[in-house]
Structures are given as C-alpha cells and as structure tokens.
C-alpha cells in the first residue's frame, strides 16, 4: 500500500512541491527568499482582509476609517502597521530574490524568470494602489502624479487618464476602484506565484555553482523545509521589531494629514521601494521619455536571458561580472537616495548619471564582461 501523501490527488501535488521535491544539496541562504515572499504574501492577504472589514473607500470617510482602525478596533493599530510595513518587507525580499536570480544566473530558466517579472509588475501595481487608500496628502498627490503620467501616451493619453480617474480628477470613483483592484490583485499574485513555482519545478532549482546538480539531489523535507522555517523566524523577528518599535520609519509624515486637493506637499515622492524607478523617471526632461524609461527600468530584466554571453551560468567564478553586479547594486542605492531628494542641482545630474549607468551596466557592460571572461578562460 502506498503512503497517502503519494496517492491522494491533492496531497500528491503538495508532496511533489514541498516534501519529496529533489533539491540541489548546496543551495545557500539566498534561496530562502522565495519561501519568505510566500510568507509575506500570506501576512499581507491576512492583515489586508481584516483591514478591509473596517475600511471605507469613500473620500469623506477613508482617512477617518483608518484612524478608527488604529484607535477603536481591537489591535487595529497592530494590523494596520503590520500591513503597511509588510509591504516594505515584501519589497526587501523581492529585491533580494531578483538580485539572487541575476547573480547566480537563475534568469536562464526563461519561463520562471518572465513570470517573475509579471509578478513584480503586479506587486508594484498593488502596492501603489494600496498607498492611495489611507487618503492622506501623499496618497492623493502620489495618485495624481503617477496616474497623470499616462497622459504622455500619444493621442489617447488625456482620455486614458480621465477613464482611469473616473472623472476629471482623482476623486471618489478613483478611490473606490483602487480599493477594488487592491483587494483582488493579491489573489491574482498568489495564483501567478503558483504558476511561477510550477515552471520552477519543471527544471528544478539552480544552485550557487550554476552547474547541473542531478547527480547530487536531496529531498526538500526535512532539509530545506527546516531551513525555510529558520529563515521565516528570522524574517518575523526583524518584521516585528520594525512593526512594534519603529512602525513609522518607512512612512511619510505628510500622509498623517488628510488629502487636500488645494494644498500640494513640498516634495511629492512615492514609498522608498519605488524611489529608484522614480529617480529614473525624473532624470529625463521629456514626459513621454521619462515614462518609457520608467517602464524600461523594470522591463530591462526580461533582456537578461538574451544578453547572457558567458559560458558560465553563475557569477561565482567571474570576477569582472561580480564587480559590475555590485556596481549595479550601489547604483540602485544612489538612485533610491536621489528619488527622495528635491529636483535641484547637484541631485539632477547625479540622478541622470546614475540612470545612464543603470542601463549601461545591464545592456552593455554585462555582455562585454561575459565575452572577456570567456577569453580569459582560454588564455
């Protein structure tokens, strides 16, 4: 008689994905971020569900309802801050996860990588719409500025913006639809994450050496299930430290003021996790050019598999590419810093140089470094 987990139709699927899954024996802590993203998504959906029970998506009462959640609902303050900081945590894990994929050449699993890029777009859209819901000053003006970018689309731009707004400005209709989309998108993300996992399990995981590991596989459980559990506990410790001791450290003080269409905040800026893309957007003086650069700053990830010129998969033994990778990471930190600064010298030129460097490293320097390293191997 076979074990139930190997014969039952539903348990069989779980078994193949999380128990008897053959995994490389040498994958490091950088491979923990996939499961940590799953934990983040579960936290966000759970806390979001409870918040939605008390939130009202009306311009007159949205700000008050968030205040009511924090003041009058049992542990409402905790749920609200868990949800707000959970978004930051989600993006921290997401950027580590993408960085791991670039460093170890995981992007060569093209289907998994491309679905990951779609997931990134979905998560960014969800986070943006969620930031609008508390209806504070930065919520309102952030929504106005970002949705206004669509007016740069030739010919249909102005109509497109009014269609998304549901009127002639960001108002009640906009808030209602953003709430509806913000509620449904995480479930679409969860479904897409399953497809992401499905394609990953078609090929099996990559490993730090970037070489086939078929000769040396170990079962996912107990080895990596316990490793992921340890990672999740470390993540939760960090997460709860932020939520309980520094709940507002990643927020904007302007968002504690109710939305006022007649009063513009001195510096309109998105949450920290969008600042790098915002800096790239602002570094181009032309509106349409800026919007294209903004979209390309994420879409450029899809070119990684096409621009892979090295005969090795991982950067483990490629010192020139390693230097470029860490230069790219440093450049993203600079872009994040610039995105939060006002548009004035010397920040303008620094942002423009950092934007040029960002695209140059990915589109030009990485492929050239790969070819040079191939030559060095034969030398």
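Along the chain as shown, residues are numbered 1 onward.
Quick reminder: no glycine exception, Cβ is built from N, Cα and C everywhere.
Annotated in Swiss-Prot:
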BINDING   83, 182  heme b b562 binding site
BINDING   97, 196  heme b b566 binding site
BINDING   201  ubiquinone binding site
TRANSMEM  33-53  transmembrane segment
TRANSMEM  77-98  transmembrane segment
TRANSMEM  113-133  transmembrane segment
TRANSMEM  178-198  transmembrane segment
TRANSMEM  226-246  transmembrane segment
TRANSMEM  288-308  transmembrane segment
TRANSMEM  320-340  transmembrane segment
TRANSMEM  347-367  transmembrane segment
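When the Cα atoms are compared, residue 83 (heme b b562 binding site) and residue 97 (heme b b566 binding site) turn out to be 21 Å apart.
Spatially close to residue 182 (heme b b562 binding site) yet at least six residues away along the chain are 48, 126, 129, 130, 133, judged by Cβ distances under 8 angstroms. Of the ranges 33-53, 77-98, 113-133, 226-246, the one with the most Cβ pairs under 8 Å to the transmembrane segment (178-198) is 113-133. Within the chain, the transmembrane segment (226-246) has long-range Cβ neighbours (under 8 A, six or more residues past its boundaries) at 29, 32, 35-36, 39-40, 43, 78, 81-82, 85-86, 88-89, 93.
Beyond its flanks by at least six residues, the transmembrane segment (113-133) meets 55, 57, 62, 66, 87, 90-91, 94, 98, 101, 106-107, 139-140, 142-143, 146, 174-175, 178-179, 181-182, 185-186, 188-189, 192-193, 195-196, 199, 270-271, 273-274, 298-299, 301-302, 304-305 of its own chain at Cβ-Cβ distances under 8 Å. The C-beta environment of residue 201 (ubiquinone binding site), restricted to residues of the same chain at least 6 apart in sequence and closer than 8 Å, consists of 16, 17, 21.
Contact between the transmembrane segment (347-367) and the transmembrane segment (288-308) is supported: at least 3 Cβ pairs lie under 8 Å, counting only residues 6 or more apart in sequence.
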